[in-house]
Amino acid sequence: MYASREDIGYDFGDESKVGSKPIKPNPNIDGGWAWMIVFASFLVHILIMGSQMALGILNMEWLEEFNQSRGLTAWVSSLSMGITLIVGPFIGLFITMCGCRKTAIIGGILNALGWILSAYASNVHYLFLTFGVTAGIGSGMVYLPAVVMVGQYFQKRRALAQGLSTTGTGFGAFLMTALLKYLCRELGWRNAMFIQGAICLNLCVCGALMRPLSPKDVNEKYVVRSNSGDNQAKALSHSAETIKSNGVLSEEPANKEVVKNEEVLDDIKQIEIGGKSRIGKSMYGLRILKTVSQLTITVRKGFGIWYSSYFGAASLFTNRVFVAFIIWALFAYSSFVIPFIHLPEIVKQYNLSSQNNIFPLTSIIAIVHIFGKVILGIISDLPCISTWNVFLMANFTLVTCILTLPLMQTYISLAVVCALIGFSSGYFSLMPVVTEDLVGTKHLANAYGIIICANGISALLGPPFAGWIYDITHKYDFSFYICGSLYMVGILFLFMQPYIGKKQSQEKSTEEAQA
C-alpha cells in the first residue's frame, strides 16, 4: 500500500542493505553521551514547549491587567509560539556558523531576558516586543539545536530518541501549568514571569551539554547515509543524492577560498612573529586583525553553506519529496490545534460538561500524546518497519479523526476519538527522523528549520482561520471539515510524490536505454 524504504531511498541504519563497509561507531553514537543529549533535549522541551502550552494562565492575567480585547491579548502567546518555529531557517544559519552549543546558550540567555523584561510590561504592545519577539527568538535558538543534536548522536535508535526527548512537551505542559498557577496566585503574574525567566536560564546549561561530535564522527555517519542514497536516484528524479552531490561540488570553490584565507592567516602569523622582535605594540593590533580574519572566514563559510542549501545549485528545494513535505507541514499543525479550540463548544452543545469536568477531553489528548511519541518511535526503529510508512499511517489516522470528531455525540465516543488523536499526533517525534532521511544529517539543521517554519506559519494562522470559518458559518463542524480536507490534500500530495518520482525515473531510464 505504501512506498517501500527502497522507493524513497531511506537508510535505517542497516549497512548490509546498502553495501557499505562496516564502520566502527563512536561509543557516544546510540549510547554514552548521546543519552545526555536526549536528556538535555527533554529539558528544553519542558522549558520551551511546556511553558508555551501553559500560557493560558498568563493570558488570563494579562486580560485582567490591561483590559484589552481577547483577540489582541491572544496575539502575545501566538507570536511567541509562531516566532519560535518561523525563525527556524535563520537559526539554521547560526548553527552553521557557530554550532548547536553556542546557538543554544545564546538562545537561553535571550529567552530568559524576554521573560524578565516582560515582568515590567505596561501594556500589551510592550509584551509583543519582549515576550512575543525576544523570548520567541530565544526559544527558537534553543529548540532547533535540541532537535538537531539528537539526530546527530543517533543512528539506529533515532525515532526512539526523538520520541523520548519530545515527551518533554507533555510533561512540561503539566508542570509549567501547575507552577505558573501557584506563582501567579501567591506572588502575582509579574513576579511569576521574573522567576520563570530565572528558571529558563537553565536552557544555557542544556546548551552546554550539547557537546559537538568530532568532524571524523560526523563524516563517518554522513558516509553511511551517502552510500544509502545511491539507490534513491532510482526512485526520485530530484533526490537527496542530488542535493548531496551538488553540495559537494558547490563546496569546492568555498574550500579554495578557505585555503586562500588560511594562507593570509599564515602571513599574519609570520608578521606577528616579526612584530614581536621589533615592536611589542604591534602585536595587539595584529592579534585583533587575526581574530577578525578568522571570524570573517567562519561567517563567510557558514553563510555560503546556508545560502547554497536554500538558493544555490545544492538547494533543498530540488528534492521533490522535501517540497511536498513542506506543503504538508503548512496544513498539519493547524489541524492538530482545531480540537483544542472547539472541544469546549462540542462538550457544551451535547451537555457533557459534568463528565468533561471529571476528566477533560483535552487532557486525554495530552496524556495519550506522550505515549504515542514513545510507542511510534519504538515501532519505527524496528528493522522490518519503515519510518515513512509509520509516519503516513499516523497522519491518515489523525486526519480521519479530525473529520469524524464532529459526528460524535457521547462522551465515550469523543474520548475514544480524542485518544486516537493524541496517539496518532505522536508522529511529531518522527518529523526530524523523516527530514534527516530525506536530506541527510549534513543538511538536517537547515531542512528542519524550513519544516518548523512551515509549522509556525500554520500555528500562527490556523486558529484565526478556524475562528473566521466559525464566524461565517456559525457552526464548528465546518472548521473540522475544511481544515481536515486541506490536511488530507497535503497528505495525499506527500503520499504520491515517491510514486511520481519513481515513474519519471523509470521513464528516463527507458529513454536512455533506447537511445
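Placement of Cβ uses the backbone N, Cα and C atoms for every residue, glycine included.
According to TrEMBL, the protein has these features:
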- 33-55: transmembrane segment (TRANSMEM)
- 37-502: domain 'Major facilitator superfamily (MFS) profile' (DOMAIN)
- 75-96: transmembrane segment (TRANSMEM)
- 103-121: transmembrane segment (TRANSMEM)
- 127-148: transmembrane segment (TRANSMEM)
- 160-180: transmembrane segment (TRANSMEM)
- 192-210: transmembrane segment (TRANSMEM)
- 321-343: transmembrane segment (TRANSMEM)
- 358-376: transmembrane segment (TRANSMEM)
- 388-405: transmembrane segment (TRANSMEM)
- 411-434: transmembrane segment (TRANSMEM)
- 446-466: transmembrane segment (TRANSMEM)
- 478-496: transmembrane segment (TRANSMEM)
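Of the ranges 33-55, 75-96, 160-180, 388-405, 446-466, the one with the most Cβ pairs under 8 Å to the transmembrane segment (321-343) is 446-466.
Between the transmembrane segment (103-121) and the stretches 75-96, 127-148, 411-434, it is 127-148 that has the most C-beta pairs under 8 angstroms. Only pairs six or more apart in sequence are counted, and the transmembrane segment (411-434) with the transmembrane segment (160-180) gives three or more Cβ pairs under 8 Å, enough to call it a contact.
The stretches the transmembrane segment (127-148) and the transmembrane segment (478-496) do not meet in space: the count of Cβ pairs below 8 angstroms, excluding pairs fewer than 6 apart in sequence, stays at fewer than three.
Sequence-distant neighbours of the transmembrane segment (75-96) (same chain, 6+ residues past either end, Cβ-Cβ under 8 Å): 48, 52, 55-56, 58-59, 62, 103, 106-107, 124, 127-128, 131-133, 135-137, 139-141, 143-145, 148, 302-303, 305-306, 309-310, 445-446, 448-453, 455-457, 459-460, 463. Pairs of Cβ atoms less than 8 Å apart link the transmembrane segment (192-210) most often to 33-55, out of 33-55, 160-180, 446-466, 478-496.
Using a Cβ-Cβ cut-off under 8 Å and counting only residues 6 or more beyond its ends in the same chain, the transmembrane segment (478-496) has close neighbours at 2, 321, 324-325, 327-332, 334-335, 338, 341-342, 392, 395-396, 398-399, 402-403, 405-406, 462, 465-466, 469-470.
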